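Q: Sharing the features that TrEMBL gives for it:
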COMPBIAS  A:1-13  compositional bias 'Polar residues'
DOMAIN    A:90-301  domain 'ABC transmembrane type-1'
REGION    A:1-22  region 'Disordered'
TRANSMEM  A:39-58  transmembrane segment
TRANSMEM  A:78-111  transmembrane segment
TRANSMEM  A:123-144  transmembrane segment
TRANSMEM  A:176-198  transmembrane segment
TRANSMEM  A:233-252  transmembrane segment
TRANSMEM  A:285-305  transmembrane segment
């Protein structure tokens, strides 16, 4: 993998390369002493639970029926995958991640370009735009559920009535859409925050040069702004994907995965197996599947855009 | 009447500004509404249509302490987020220091590997962590949350501190070395004072992430160690409609983080993007 | 006293040999300049002396004390960095006193030394400022001040003027020369700018590819470069080089024929070459004169002329397609494409053999 962002300072001159320093015993000892705590902790954090998950996934292990921990091979995986919830969970995960990514990237780009214009009160507008990102997931879920989307006294119901329409019972009729709205409201500000900051490093001279070359606002957006934002967009997609694959609290506090499996994603499905049905074996099998999916996603993302993330065009 | 070029431009800026304000207000509205509702009576909070003008009351803020013991939850949040932030910094700063100033062939891959630990979905390890906590008596303790938050935020902290350190010319540390500073003096009297802004924003980011974390706090705590995220989740139970109180709790829980976020937005970007956007 | 002796110094980094065996003596009070193209190892050599890089093999000793493995702070050296490396969070005063504070020196003594350095460098009114609030030249002075207060045995300068604009660079160059005179200190100075090397140095060390090409006074390097590399590196505009062939030799002269066809008899010992050898003629712009085409057998075509007021640089092309630079008087006029003759000062012609080594002149000037 190409990772030149890390050594932008080392590639100037052959002479500077020499400066990066001889390998001395002191330096090696220093490195060992300073880096190893982080590495060891993270290694333990990664390996121990993962190994346990792998082990649990191959045994029959239910907290409600202790003592029957037989090796069952891939049975847990079989049951997890053939469970009615699995396909729904996988599909819902995809829909949730995909929609929120789409919304936050597209609107994020447009809004950050919009607030790059020098208008009155820009600072305040920026603060308002990014604020939802700092709200805890449980708060945003409940505020949306009770204060905004409630079919009787929510704001949306009031607006619908104002226009003479019948208020919608969002969580009953459009549960997934509601979840997507809430999660997007939280993550669009993240995209805005990153892209807005990235916009500020856009070279004004480049835009001026393009304008002198006869480029209109659309051409400038397409040929200068978007390419400039490609790297931050890659960052947004990567990081949001990591977090969106594990959306949990929003579902937990609003729909509990329902109605039926309509808003159950993989994270919630596994939680359901684990801490509601106490089936450790099956939850572990599901957990491993989630890990595999996350890794596939990470791998694909890194292949698609990771180069963009780590390659720094100096 | 024809508009001059300048007038056209001014008009366009004005209209786009108006649009930006509209977008900003829409995005902020839920927060505004939450704050507003927190000053309503429970009856007014449930009114249909919603009331924009009402006589504000502070009774919710008084009652949430009496009914749900707001402060013990808030104290848990404070202990857990500050605890994990401080421990995380103690581990992350030395690592970032040697990675930034004594780069080796392995440094890059180590950093990327640390990032990759963030790819591990929490549900993948929910079961073992839950059982480990249960068997060691750490279930529903602040210690468990401090340990877990430290670990999940550590990669971000290392990356962020690393990217701040990377901006400090190595020359300055070498000058200190020539001036007779020991490695410890080099760090305490030169490196840390220079990078205190970056370190502060790293700590703020860690505070925000820990404060708002809602997977482990919901799954590993019950009552004793439950932080604010869990307290608020308990309002989702259908018994009784306490929207005004929910709003009051939420407002109190979110206000400090919101303010921190506003103050340090620009520096947070670096940590949130793993140093990729500055 | 400050006698620095470097013996068989080598530095290998990642399997790449940066310094390939350097032997060098630096005497007390000397102003020594390391000069060479970028990547030649001059900065690495300075950093090895400072102790910022670990030596692969060889020794460095200062006044008879082996300092090869001594930590930088205990070497009794001070360094001025290219980027100045001022501590951004400290005032000018703190920047200068930091080393003394660390050494636990008495407050009043520190203050006296800082005041002294500030007086020498005219920094008195800036002592409370932070580096951010200083101009480039002032920062440079603080960096030097930080070195002065420590009263080191040797001052090390790593391209200290390269971040200044042209006018300030000339001024700081003069101040450095004056400072060297006033402090009577030993200074080692790294630069890629041969003008700085020529103007400041008592002794110039020309480095190339990790090796010392030549050590000597500026005038020795100018008049008697040991090889084509040094000849081309020292002097502005650069020495011109023309391909040639040896026609005949005798003990007191060598006759060569340029690729352009002209024959020249040079006052150079014929002992080292023989007829038929390929050689390179080197001649500096200031040792060529433009004459009428009829007055010289060596005829060339004028290319661009640059008028600097005091001088005129004429770029000419020989019939064999080689180019030369001529330094003509300020009022010289020449037209593009005009055919002119060149008169070469044969006493100042250098001849290099095929490997680039100088073929010694007869009347070698004392270095």
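Just so it is clear, glycine is given a Cβ too, placed from its N, Cα and C backbone atoms.
TrEMBL entries are annotated by machine, without manual review.
I'd like to know what surrounds each of these features in this structure.
A: Proximity of distant same-chain residues to the transmembrane segment (A:39-58), defined by a Cβ-Cβ separation under 8 Å and at least 6 residues beyond the stretch ends, is recorded for 71-74, 76-77, 280-281, 283-285, 287-288, 291.
For the transmembrane segment (A:78-111), same-chain residues at least 6 beyond its ends with a Cβ under 8 Å from one of its own Cβ atoms are 129, 176, 179-180, 183-184, 187-188, 190-192, 194-196, 226, 229, 233, 236-237, 240-241, 244-245, 247, 260-269, 272-273, 282, 285-286, 289, 293.
Remote same-chain residues near the transmembrane segment (A:233-252) are listed as 93, 96-97, 100-101, 104-105, 108-109, 136-138, 140-141, 179, 182-183, 186-187, 190-191, 194-195, 263-268, 271, 290, 293-294, 297-298, 301-302, 305-306, 308-309 (criterion: CB distance under 8 Å, separation of at least six residues from the stretch ends).
Sequence-distant contacts of the transmembrane segment (A:285-305) (same chain, six or more residues past either end, CB-CB distance under 8 Å): 1, 50, 53-54, 57, 76-77, 79-81, 86, 90, 93, 234, 237-238, 241-242, 245, 266-267, 269-270, 273.
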Q: So which residues does the transmembrane segment (A:123-144) touch in its own chain, when a touch means Cβ under 8 Å and the partner is 6 or more beyond its ends?
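A: Residues 111, 115, 178, 181-182, 185-190, 192-193, 196, 249-250, 253-254.
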